[in-house]
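Chemist: Sharing a structure here in structure tokens format.
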């Protein structure tokens, strides 16, 4: 097919006008049309969230194919494999549709070929392209095409450790061993070993892997900061900072004296304020840096007098307290800044003094890193196994050094397209440059969504082009896609309100102006005031809520707040759970979130990437089993195996065995003691009774068989033998969350199999690999099991990128930013290279023996401080972008959830805004998202912000206030029995029919340790024949029951189940105020308070309730309310007589009267029945349990038991 020319600028403008004047319901924007059809130059599309960038890419590709370009002539890079597959699917549909629409035979044939070639097109991640490239051209570097990827983190760590120790030994024994020893000690820390150095080496290596040429960067940039260090310039900068700080302090104190000080006349602190003003006043234009430093020292010294209270306003007058507090707060802020500057003077002096020593240390580090990088590179070549970054490095090496290969790709690719360009790193950017001919790049992204700095992505790659193309269109075309087709106007307005005031070039790396603001474009979503974004704060005032570390088993106020809103959405507005997303910046609080959702029965689906696989109990048991098989002399692992469910040794048995020491041995490990016990070769052999001896023999025989089996079989076979021999796989399947536990065990076998297929063999090496992963505080990804279909989504903000949800809750707004990077011993920068903390040994000059002669001082190098400042700004910018991504996931409504003391938050004061932005110090001193949001709320109170904040206290978060999840079963109707007891009897009967005698005998043992309810105990232990008369769906008609031939009811009228009526009746009986005279009117008012639907309330017969209180029992209750206990929970330890296993019974007693020597127990039943004896038989066992619990609790034997039957038109009270 002959190439069709691309559109000129004039033709594009006409197309834009025609689109604007068309009658289409969903029109392309002018910018979208420009992005689709512009050609002949490099193009950067800055596409805000929800602006249709994927649509634009697909349309652009389709247009190029329709003009005769081959799909093989396009290089299209996506950020994920999923995105690549989605783009291919979209292109397949568009190409197919185009083929059907066109009458041009040549075009049909051409597009048909493109459709056939689509699976082989260069559409995918950069990693997938480089793998294919190296497979084809790797021979140029002597790399075999059958190389494999080191995707397994544990295998990679194993190789790294081996290489590290080889290089370490070479340097430790080499010619420069003294300087290397100094390097080693510098990072030794408390461990005083090589682990500190190893940690920093791996950190630097990961950084190097993101550069286009690691060895070149090490050579050219690693020491750059030391080479260009300018201490004179740093001192001048510091002097300017001191000047500004002293002027700020002077302004603050003068304002205080002129305005507020008269309220505190003759206060002692005012004299010191004047002293400081005199000190600062002594400075003039001629003052040098020494003079400023001297004044700073005097000022700080004055502030520290009187135990630091020399400048404190200690007024106790109630009416002046706010004024005094405001002064003291600002004074603390000012002097904190002065204290930091005073410290910086000292640090700068030490930095200059030890600069030469630190530089020497850095050179030693550079040498070690160079050797490590090369040795690790060679080792991976020997294994023919590479990391993804290695593949990219070799691809770049081939493209740079073999012009014929580079030129063939540059000629082949008509266009080099890249999605998510803001998350590109330098190695990827270099590759894109080499594949392009210099003017055929199409880059799509949004710098506001660059959130992968931890993967070495550099948003400045995007930003540099954005600025350059904006200033000089000849360099390239900049196109802005600002219209948002995803979210409601309420979501977009709130997002704009936040980032207009938060993000600029200084803090945020871009100025959030009209080029970046979101524009509402989804006309299908009409404005709705109910969808105004909400900033919800759990008020911690006077709640006494414990710190997070103490609340692992407690539902946090924050989560109860969220659950209340979720239930409101679900039950009042009919929102499906799957329409709700909970976003977190990290998974550190996920356990609390999952616990809270589980407590309220809310289904949840996680992102499936919790890296806690090795922490799961069933995997830990198996790992200890493998450790014992490898080496039974490991006491901890051996005890863990013996105590595990596979063998079940208890503490008493282990204690008896641990005393079996041979007489002639001083110390023996546990395994040797087990051998002694078997041989009866100990003076304490009398402790080994027959049952224990048999149990020990079985254990030792099985362990010996496993150890023998391990010598001749694969790890995979060994693991499955263990599962099968001890039924462990089946056992964990019966535990709570059984399918997930079995999936973990299955994955362990698969991971062992993969390990042995990767040229690593044997149990010892597998255990060593696992231990190294744990030692490095890493873990393996947890196994994902099938999630529920309708469930709330819980995921990190990173995982949510590219997704959208109608309702979004951003949780943990109060969670502090992670600043671990800035606390490291090493901080790297592309511009400055290595920043390091140098450990200097200093003479103290002490003469006395009890004083140390030398001390160690940690001195951050000048480059370290510069890199630290750079890192802080980059980190805050990334956190802002993370919040932007989170807020723009919402389609309809956005909730921002945090917590804090209302009193403290509302008393906070902030500096005035500048140019419509929060003060830069306010932004840089924020510890979390909440600090930013709250500051905006306070500073811009006069602005009509498009989000509101609301404090929610404990009184609004009680169980009653939150409510319960309403659950309904289609099998239940009003004719069925009280479902608290009988809703699973059918399943129980079917299960019992198939149960074997052994399982029946040991039923409690199988279930235990567990907690049972009375109805569960009844189901498990009462004879099946005693349940005669209970109607069970699908089990046939009960005797005397008439068969109905009525047509089924397909009406939409709300169905009311027996379970709902039963629950509502119990709640009503609990709520009735027995201190007042009971009337129909008072019962009606009480019924309104019951948490249920009106349809259920209408089914409750209040006359029948009133009639109960006319019975003998009812009158006794009314006359003895001071002896009455209602809805009382209990728990009781029971023993199963057949298996002799203990278990716990828990339940709730409807009510009882407690007298001195007698208890009257009663229980309400709403079951339908023919004869009272039916219910008496049915619930006899349950009441017997209640009776036993009360008898044990109060030591009273005389207990009367009554059933109050409400299932007929007339109430009946039956004594049991």
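Backbone N, Cα and C atoms are what each Cβ position is placed from, and that goes for glycine too.
Note that the structure is predicted; figures quoted are calculated from it, not measured.
Per Swiss-Prot, the features are:
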type	residues	note
BINDING	47, 48, 49, 50, 51, 52, 53, 54	ATP binding site
DOMAIN	26-488	domain 'UvrD-like helicase ATP-binding'
DOMAIN	515-802	domain 'UvrD-like helicase C-terminal'
Chemist: Measure from the Cβ of residue 53 (ATP binding site) and count the other Cβ atoms within 10 Å, all protein chains considered.
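Modeler: A 10 Å sphere around the Cβ of residue 53 (ATP binding site) contains 21 other Cβ atoms.
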Chemist: For residue 54 (ATP binding site), name the DSSP secondary structure in the helix/strand/coil scheme.
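Modeler: DSSP assigns residue 54 (ATP binding site) to helix.
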Chemist: Of 48, 51, 54, which of the binding-site residues has the most Cβ neighbours inside 10 Å?
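Modeler: Answer returned by the neighbour count: 51.
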Chemist: By a 10 A CB contact count over all chains shown, which of the binding-site residues listed here is most packed: 47, 49?
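Modeler: The largest 10 Å Cβ neighbour count belongs to 47.
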Chemist: Starting from the Cβ centroid of 47, 48, 49, 50, 51, 52, 53, 54, the recorded ATP site, name every other residue in that chain with its Cβ within 8 Å, sequence order please.
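Modeler: Neighbours within 8 Å of the Cβ centroid, excluding 47, 48, 49, 50, 51, 52, 53, 54: 446, 481, 484, 485, 486.
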Chemist: Test of understanding: give the count of other CB atoms lying within 10 angstroms of the CB of residue 52 (ATP binding site).
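Modeler: Other Cβ atoms found within 10 Å: 23.
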Chemist: If you draw a 10 Å sphere around the Cβ of residue 50 (ATP binding site), how many other Cβ atoms fall inside it, taking every protein chain shown into account?
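Modeler: 22, counting other Cβ atoms within 10 Å of residue 50 (ATP binding site).
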Chemist: In DSSP terms, helix, strand or coil for residue 47 (ATP binding site)?
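Modeler: The residue in question, residue 47 (ATP binding site), is strand (DSSP, three-state).
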